[in-house]
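Some features that TrEMBL has for this protein:
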TRANSMEM  B:12-34  transmembrane segment
TRANSMEM  B:54-81  transmembrane segment
TRANSMEM  B:93-111  transmembrane segment
TRANSMEM  B:131-158  transmembrane segment
TRANSMEM  B:179-200  transmembrane segment
TRANSMEM  B:220-247  transmembrane segment
TRANSMEM  B:254-274  transmembrane segment
Amino acid sequence: MLKLFGRRSDTPVTPAGFLNSQAAWTAPEILFWLLALAMLAIAPNRAALLNEIAILGLFALSIDLILGYAGIVSLGQAAFFGFGAYVAGLLAKTVVAEPVTGLVVAMLAAGLLGFATSFLIIRGTDLTRLMVTLGVALLLYEVANKLEWVTGGTDGLLGIVMGPILGLFAFDFLGRTAYLYSLTVLFVLFLLARRIVHSPFGLSLRAVKDNRLRAASIGISPARRLVMVYTLSAAYAGAAGALLAQTTAFVSLEVLDFGKSADGLLVLVIGGSGYLYGGLIGAVAFKLMKDFLSGITPAYWLFWMGLFLVILVLIGRDRISHRLKLLAQRVKP
Amino acid sequence: MLTILFDGIAYGMLLFVLACGLAVTLGLMNFVNLAHGAFAMAGGYVTVVLMQRYGVPFLACLPLAFLAAAALGAVAERLLYRHMYGRSHLDQVLFSIGLVFMAVAAADYVMGSSPQNVRLPSYLLGRYEVFGIGIGVYRLFLIGVCGALTIALQLILARTRFGSRLRAAVDDPRVARGMGIDVNAIFAVTFAFGSGLAGLGGALGAEILGLDPTFPLKFMLYFLIVVTVGGTSSMTGPFVAALLLGFADVAGKYYIPQAGAFIIYAVMIAVLMLRPNGLFARGVTR
């Protein structure tokens, strides 16, 4: 019976053993990260693009935490992304130019905002949740737009000058430091997320996602789990926003736009949700696709993106990731 | 003050006509259709093209806009939407966002990105002063048309055989099928009718709301607010919500212009916190 869930034939029968077997690193995973690092040597001129991919991947990862593991459909993740970006940008402009400090503060701030708004999402149905998350993001957009003296309004936050990372590594023009920095942050946060979803807490989240009532009846408090994971996911999105602000030295209202939330959701769906790598793979695919499409039709790539999305959903998202999983199983000995 | 009330009612009525198709698909059929605004945009563009290129009078454009959007809705329902009825909300959201993207890019390609305006005929322009209230003729026309539509819609849903079949099909498709009701056909007709109303709303509203390719994205939220705040069980809820929203928007723009759309979003979140299923919900959560 347990063989159905476990990835290996020698799946232990204790709960801790099961979790450990799930959390074990596999060769393709290690290869994935080595390749991500090696990309810098393979395509040194595309470091700026790689940096964007890493940031987008982190953003999609934050959505995966709430969508893939807790089943909350949010249309407003840009709220936390944008909040983190503005916090990091303003901090660098006025208080401290060192990036890691700014990153931590931005994460905490976004996490706090996530915690404060998490109470809005534990009530109601899917639809209510959609509207409330969307509403929160739009509120922030309006606020950022009106607080022109703080945020620069529609002109964006100009004049951010970043110091060297930890006082050691200065950002260069090609964006190599930026990519290494973003990749490191992504990796560290990924490790943390991986640890969390393979912990008892992660399992309880999945129980809540599958059946709230049943989860509650075996002693899991769904509301508390949702608050915790929503806060965590907000902090992750804030980190992604902070990385964007720091590595591009610019923040515009776009970071709070509905399009940003939609992009993140799209990226995650392309890569598949609920296994952490979905966001990262999706980010690569999304950026490559966008590059390719806007190369053919600069003005109308959105059309093809929409068509792709419609077809993807019509065929069935699960079916694609299911096929890939079967393929992966066949490749593996 | 009374002028604002009047303008607010006109605006709210317009919002209701635009949103009531969504109130049926989202509210009754439980389908999250973010692409509803695309049908409204189609109606708007049909009107613009007919008036500017073919010189069709404005009043004749309105039914044509309805028919065009309804035809588009019927085709889309048969080809695409039908497959999405039983799916999860996430799938429906992604699917309809995809449609919005396509609609925005397609409208940009065909009509250009600059805003289009509808030139109203002279007999719909101008204002009257009645007891100190400034009444715009077009606003009055809007209230008349939209009010008539609202009453007709309510009568269709509550009094006709089609209305009761629709309600049955929505409440329990399986039993409805067992009773010999053609659920598929009913959904198709309803969807087309809702799209047609959106198209009519788009044609009526082009002058007030503006018309450019980003229309479906810009107003998506307004339609959604009307339906979610109003509650998804009857047409009365969305109607009241649309009036409230229209009034709040007009009053907000007049008294505190710097707040922008802030008030509306805040009100929506507050309402949804107090009543997660909308203002006029029956007790059951579906």
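Counting starts with 1 at the first residue shown.
Cβ from N, Cα, C; glycine included.
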Top Cβ-contact partner of the transmembrane segment (B:12-34) among B:54-81, B:131-158, B:179-200, B:254-274 (pairs under 8 Å): B:179-200
Closest-packing stretch to the transmembrane segment (B:220-247), where packing means Cβ pairs under 8 Å, from B:54-81, B:131-158, B:179-200: B:131-158
Contact call for the transmembrane segment (B:179-200) and the transmembrane segment (B:93-111): at least 3 Cβ pairs under 8 Å, seq gap 6+: no
Ranked first among B:54-81, B:131-158, B:254-274 for CB pairs under 8 angstroms with the transmembrane segment (B:93-111): B:54-81
